[in-house]
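One structure below.
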Amino acid sequence: MEKLTIGVLSLQGNFQSHINHFLQLQNPSLKVIEVRNKTNLRECDGIVIPGGESTTLRKCMSYDNDSLYNALKNYIHVKKKPVWGTCAGCILLSEKVEKNKDDNIENEYGNDFSLGGLDIEITRNYYGSQNDSFICSLDIKSQDPIFKKNIRAPCIRAPFIKKISSDKVVTIATFSHESFGKNIIGAVEQDNCMGTIFHPELMPYTCFHDYFLEKVKKHIKDSREA
């Protein structure tokens with residue numbers, strides 16, 4: 001049985017929970033590895049950028065003259081391999097990150113803070129501090145039977161997808177919040193990229209990890225047939 005490899009960026013954040021969720025799928029063809037450098041990245045058929053703190057993750061990518069940052073950009077935009085970002089990872093996949101009043105990312109990185117891949121505009125820490133974290137009930141828009149109904153998802157210092165800038169972006173799930181309104185975008189995908197503002201790796205279900213695995217399988221199959 002041919003193996004496929006999914007990597008989880010393991011620089012900062014709760015990467016171990018993502019690894020555990022993929023292992024729960026009990027797929028004998030799946031190998032899951034920690035990714036800490038561009039050598040690890042070369043092994044991967046798909047990669048997850050976990051939650052954590054987006055500016056810290058970006059700084060970790062800056063080591064060795066931005067070598068991992070540049071390798072990830074090439075992975076996303078040139079090789080077009082599947083990438084999934086959760087929370088901070090979703091921020092880093094956004095084409096435009098709205099500047100917060102306390103941010104210094106524009107001065108430090110210019111236009112090179114995010115990796116891009118999702119044509120969305122996103123605001124960091126939109127819902128407040130750690131104390132303002134909440135669990136939402138997702139309204140699944142995807143017709144894929146992998147997704148269960150009545151899914152709840154934790155939003156921890158979550159970003160807000162302010163704008164979708166391309167009709168190539170597909171909404172996977174939305175949710176409502178008593179203070180912020182209805183139909184808030186929670187999960188999106190565009191071509192090889194997928195983003196969730198919440199943390200499915202902290203919940204018992206594995207449907208988002210299963211969905212990403214299927215995305216990786218499809219990419220491998222399509223690449224061979226091209």
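Glycine residues also receive a Cβ, built from the backbone N, Cα and C atoms like all the rest.
Among the candidates Arg36, Arg124, the residue that Swiss-Prot names alongside Gly52, Glu53, Ser54, Ile156, Arg157 for the L-glutamine site is Arg124. Put simply, the two farthest-apart Cα atoms among Gly52, Glu53, Ser54, Arg124, Ile156, Arg157, the recorded binders of L-glutamine, are 13 Å from each other. Between the alpha carbons (Cα) of Gly52 (L-glutamine binding site) and Cys87 (active site, nucleophile) lies a span of roughly 7 Å.
Within the same chain, residues at least 6 positions away in sequence whose Cβ sits under 8 Å from that of Glu53 (L-glutamine binding site) are Gln12, Gly13, Ala88. Checking each of the recorded positions (Ser54, Cys87, Arg124, Ile156) against His199 (active site, charge relay system), the C-alpha distance stays within 10 Å for Cys87, Ile156.
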